[in-house]
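Each remark here refers to the structure printed beneath this line.
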Amino acid sequence: MSWLTPDLIDILLSILKAVVILLVVVTCGAFMSFGERRLLGLFQNRYGPNRVGWGGSLQLVADMIKMFFKEDWIPRFSDRVIFTLAPVIAFTSLLLAFAIVPVSPTWVVADLNIGILFFLMMAGLAVYAVLFAGWSSNNKYSLLGAMRASAQTLSYEVFLGLSLMGVVAQAGSFNMTDIVNNQAHLWNVIPQFFGFVTFAIAGVAVCHRHPFDQPEAEQELADGYHIEYSGMKFGLFFVGEYIGIVTVSALIVTLFFGGWNGPWLPPFIWFALKTAFFMMMFILIRASLPRPRYDQVMSFGWKVCLPLTLVNLLVTAAVILWQAQ
């Protein structure tokens, strides 16, 4: 076993962590689609999926089998390469962002010193998936949905980044592990409450979730930028949306709610419970809020979220300078 050097062991452990995180996040995203339908049924005083398996427990398996056997159709006048590339980017962009999230003190795939910047870069990469899907489909509804999505995502990514600068200033680092360790005694949600509110709103918008789902509004755009997709390509878009929810929920926990910190229970359990809570909040928001007009969404971002993030950053900088004196 002389070939098993310490460097090789580190590489193998990193690969193992990446595979485990990949399987867990994809599984959580898939099961969230089933849980969302059950919870929406509960909120709306009706039954959710309850036909396949005991209490609908095998509905997810039935959906996966149906997705595998559906025709993988590509429109005749579409750009085939870009049309195929778009769902792959949508699936992998926010999945890669989860690599920087520390699940426990010893379990993180990539402990980057520029962790937050890496997340913002991956969130920006997701815009290309939407643009590619809308433009390559050669469909007017798809293109309109892509234009809406790109404008909305680029706008709310400004607030997404600015809302994190207060957290970075307090921790003195872009490293996610350092930010969690800085919350050992006080969670960032207390001194950075406005930053948390803005980040949560922008996170919902970046995931294109209700009430910020105008890019795929069924009543207006007939499902928006992925109207021409079917089979596994549509499945990648579908699961990618829920992976985005898992990633944003995990980032909210890591940046504002102490990450794995908590009494009595093991660190991983605390992280999982907090993340599951915010995943349920995504579902509750969908069940309870109406969909505003597109102009109202953009106006809310630039007239409410942007001033709020700037005020939060200004107050944070003033407090840090006052404490340094």
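Placement of Cβ uses the backbone N, Cα and C atoms for every residue, glycine included.
These come from Swiss-Prot:
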type: TRANSMEM; residues: 11-31; note: transmembrane segment
type: TRANSMEM; residues: 81-101; note: transmembrane segment
type: TRANSMEM; residues: 114-134; note: transmembrane segment
type: TRANSMEM; residues: 154-174; note: transmembrane segment
type: TRANSMEM; residues: 186-206; note: transmembrane segment
type: TRANSMEM; residues: 237-257; note: transmembrane segment
type: TRANSMEM; residues: 265-285; note: transmembrane segment
type: TRANSMEM; residues: 304-324; note: transmembrane segment
- prompt: Which sequence positions outside the transmembrane segment (81-101), separated from its termini by at least 6 residues, show Cβ-Cβ distances below 8 Å to it?
  reply: 18, 21-22, 25-26, 74-75, 108-112, 115, 118-119, 122-123, 125-126, 128-130, 132-133, 135-137, 176, 207, 226, 228-229, 233-234, 236-237, 239-240, 243-244, 246-248, 250-251, 254
- request: For the transmembrane segment (304-324), name the stretch out of 11-31, 114-134, 154-174, 265-285 with the most CB-CB pairs under 8 Å.
  value: 154-174
Cβ contacts under 8 Å made by the transmembrane segment (237-257) with residues that lie 6+ beyond its boundaries: 25-26, 28-30, 32-33, 87, 90-95, 97-98, 101-102, 119, 126, 129, 133, 164, 167, 176, 179-180, 183, 187-189, 192, 195-196, 199-200, 203-204, 206-209, 226, 229, 271, 274-276, 278-279, 281-282
Task: Please indicate, using numbers and ranges, the residues of the same chain that are 6 or more beyond the transmembrane segment (265-285) and have a C-beta under 8 Å from a C-beta there.
output: 28, 32, 35-36, 39-40, 43, 103-105, 107, 204, 207, 209-211, 245-246, 248-250, 252-253, 257-259
